[in-house]
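Following: one structure in structure tokens, then a few remarks.
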Amino acid sequence: MAKGFYISKSLGILGILLGVAALCTIVALSVVYRQEKNKNTSQSPSMAPLNPTATSSPATTLDQNLPWNRYRLPKTLIPDSYNVVLRPYLSPNSQGLYIFTGSSTVRFTCQEATNVIIIHSKKLNYTITQGHRVVLRGVRGSQPPAIASTELVELTEYLVVHLQGQLVAGSQYEMDTQFQGELADDLAGFYRSEYMEGNVRKVVATTQMQAADARKSFPCFDEPAMKATFNITPIHPRDYTALSNMLPRSSTALPEDPNWTVTEFHTTPKMSTYLLAYIVSEFTNIEAQSPNNVQIRIWARPSAISEGHGQYALNVTGPILNFFANHYNTPYPLEKSDQIGLPDFNAGAMENWGLVTYRESALLFDPLVSSISNKERVVTVVAHELAHQWFGNLVTVDWWNDLWLNEGFASYVEYLGADYAEPTWNLKDLIVLNELHSVMAVDALASSHPLSSPADEVNTPAQISELFDSITYSKGASVLRMLSSFLTEDLFKEGLASYLHTFAYQNTIYLDLWEHLQQAVNSQSAIQLPASVRDIMDRWILQMGFPVVTVNTTNGIISQHHFLLDPTSNVTRPSDFNYLWIVPVSSMRNGVLEQEFWLEGVEQTQNSLFRVEGDNNWILANLNVTGYYQVNYDEGNWKKLQTQLQTNPSVIPVINRAQIIHDAFNLASAQKVPVTLALDNTLFLIRETEYMPWQAALSSLNYFKLMFDRSEVYGPMKNYLSKQVRPLFEHFKNITNDWTRRPDTLMDQYNEINAISTACSNGIQECETLVSDLFKQWMDDPSNNPIHPNLRTTVYCNAIALGGEREWDFAWEQFRNATLVNEADKLRSALACSNEVWILNRYLSYTLNPDYIRRQDATSTINSIASNVIGQTLVWDFVQSNWKKLFEDFGGGSFSFANLIRAVTRRFSTEYELQQLEQFRLNNLDTGFGSGTRALEQALEQTRANIKWVQENKEAVLAWFTANSA
């Protein structure tokens, strides 16, 4: 599943200093505003009410000896196949509810004798047949015991069938059910999405099963290791199209009502429940055939398809599929690849096997109004989801504790697949900014977590949802990139192909991948490792955090320590490796590559590679940032690197120019170098025109903005940034012929946005005039937008910030009338840039009205308001006052709470704010925090670190900005 961003996912080019930095995470991890009713849906006369004695007490009071009180399924029964018939009703019933009805037959094998059948079921009402919710029969002569009773256990989401006798080990059985569920607009399970076609409201029935919502669609053994085959048969209105994982086998009229069509799909391969998908809609498609005869189709609203918005996704899908087939040395496993853009969708995208679902913004692209970043998002998200068709779908992790392997791998190779489709963009470099740098801010906390956790620590749906975080996606991608780098890509691919061939249609744990990579290493002699793949990688997978590698060039000593943002924080999570890593250290001396060195799990060692003599000689470590660690140096080497940057920066690779800035600011935050040293590393930017160093600087300085934009430091800081960015602003003004054309390269187009956003937000009058004039031209002629799509996010935001009610109302009207989601998203984020308190308060109220802001966008909009220094207090008051309602409406397992807590607390840096946050935690212990539990602990830790950092650095920072802004 695409993070959507997490999100996002994630370009980091939308003007961090404008106060919308929260969007970088949100795009990746955009989340659902749930309104699923806590009570059960109204029941038809034939439906049994939910068991009035269904378990609902806290898990701690339950008898854990009873298997239906445990969240994990017993291993007594293994599913073989399902036959599922579903009929969604796309207009409300007499109670005003949208519903679906269904029937299911599951065939399963008894592995161990048992007198109980436990199968997942969530918010389904069952037809009583022969006195029970299920009918059980034997297969091939086996005789089932009689049913004693059935019950629904709400807390653990089970349908439990108690038997009068034992099921026999080795025998097969079939169980039939008939049921009804609500086709709710909660973005989970089998749900309803809506859109307008002219003045007509259209309804789509669609699915989102990951991680634990297939059970909301039909009763199933809803764990990833419980693979089976599926026969899916939707019954749908005649004029609608049904889609599923496979191609249709037949489509016939429903005998009793020809206005309905029965579409039966071919049997799926053996697969996990979370990868199922079925959709009923009036969407249309465009189609192509890949060189390997795979049918490729892009589906969306008819108007989007007719206007060509699916063409770019269609163009890149074939090349990306071919790239991965070659990369994995494994053919694409299915006959077709459908991809569909949905108006309402929780995540960025979902890798359902053969039927990938997307937010419209992650699939559709209009060259007339979409920006280059929108285009990059499409190609990278498509690559991410298609990578999963092999790694995750064909071979699946055994349990969610190894989710990092699925999502980290896809988050790494998405850059490779996208780079193949767009070879001139240099997309592979962006993984450093988008993934590695961003996740280190989280992984440097004592409340971080390892990539892989013991399986018994991940049980509930909320615990599973909590794993869909930046550690899983971005750290996973970063350490796999490091592994591929020190193995070489060829060896990595060889081991990967062996892994996929061995475990096709099966489940694995991460150790299985290590074993096959080790076999590839053992088959050759050119690459020699200091230890086994497992011994090296377990230190990166099983312990949280990462090292700071310190190179002392005066004596050649190289050492490592667990990097913590707050070095005084208490690390309570033990490590079998004592927080020491086996670290691959690449380096250069004065621009010349040195041989690779391994820091072999020891705290320090000495080597002449790292000793430097002479006033002008320097060492640079972690070339192209292939290693997942930060680098510190002795003061003399830092000064020499700064001199090199200010005299001839091109000697240092552009990625490492970004690394020097990023690492120094992080080291300063952890009090390992003076904050003035980190600030000195930005002095060369006055002559820098490359995107990556500028983006690293703006991302790092955004922390200073968050800490100081309410204090006297902010004025000198703005003056310094204005001075540094002015040459960049003039550079892009010149090469774009006074902003009338766009730069040639992707990186330059991104840095043009940085130039304008930074210039405007730091008071350069020419920039403010530019954006105000462009916005006024649009207001004067709303049907003719003169603002280039690349520049719209930053122009909209700055014009609204500089303007008042008139500008805001105009943008709101344009948002309400926007027909393309990319344009709507730009306007939605920009509306949070207002400097008027009452306008922001009004906008905040709109987020709870789904007629104004779609539920999928509510949380990200709240976060955008919180990222505005004026809106942050409004949102924090709102969250404190409404936490219980938000928790009930959004759902305890939603991804939204982690993002919401991070966004609203990111400026906290005073004792008063810490006390407020601690009181908030105490006040809501009974309600709970769901998937935001870890984020709350991280927010408390981050706030304490912020308080300490501000106290220790404020005076020095004020003095530095004052001295360097002249």
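The chain as shown is numbered from 1 upward.
Quick reminder: no glycine exception, Cβ is built from N, Cα and C everywhere.
Disulfide connectivity taken from Swiss-Prot links CYS760 to one of CYS767, CYS797, namely CYS767. Among the candidates GLU360, GLU407, the residue that Swiss-Prot names alongside HIS384, HIS388 for the Zn(2+) site is GLU407. Matching Swiss-Prot disulfide entries to the candidates CYS220, CYS797 identifies the partner of CYS833 as CYS797. Taking the Cβ of ASN315 (N-linked glycosylation site) as centre and 10 Å as the limit, one finds 15 other Cβ atoms among all the protein chains shown. The binding-site residues under consideration are HIS384, HIS388. Their Cβ neighbour counts within 10 Å are lowest for HIS388. Other C-beta atoms found within 10 angstroms of the C-beta of ASN125 (N-linked glycosylation site) number 24, with every protein chain shown included.
Here ASN352 (substrate binding site) is positioned 20 angstrom away from ASN315 (N-linked glycosylation site), judged by their C-alpha atoms. For the glycosylation sites ASN259, ASN552, ASN570, ASN624, the largest tally of other C-beta atoms within 10 A is found at ASN552. For HIS388 (Zn(2+) binding site), the recorded positions whose C-alpha atoms fall inside a 10 Å radius of its own C-alpha are GLU351, ASN352, out of ASN125, GLU351, ASN352.
Taking the Cβ of GLY348 (substrate binding site) as centre and 10 Å as the limit, one finds 29 other Cβ atoms among all the protein chains shown. Of all the recorded positions in the record (ASN259, HIS384, ASN570, ASN817, TYR852), the one with the smallest CA separation from GLY348 (substrate binding site) is HIS384. When pLDDT is averaged over the region 'Metalloprotease' (66-966), the result is 95.
Close to the recorded Zn(2+) site, the chain also has MET1, ALA2, GLU351, GLU385, ALA387, PHE391, GLY392, ASN406, PHE409, ALA410, SER411, GLU414: residues not among HIS384, HIS388, GLU407 whose Cβ is within 8 Å of the site's Cβ mean position. Note: the Cα of ASN734 (N-linked glycosylation site) and the Cα of ALA349 (substrate binding site) are spaced 39 Å from each other.
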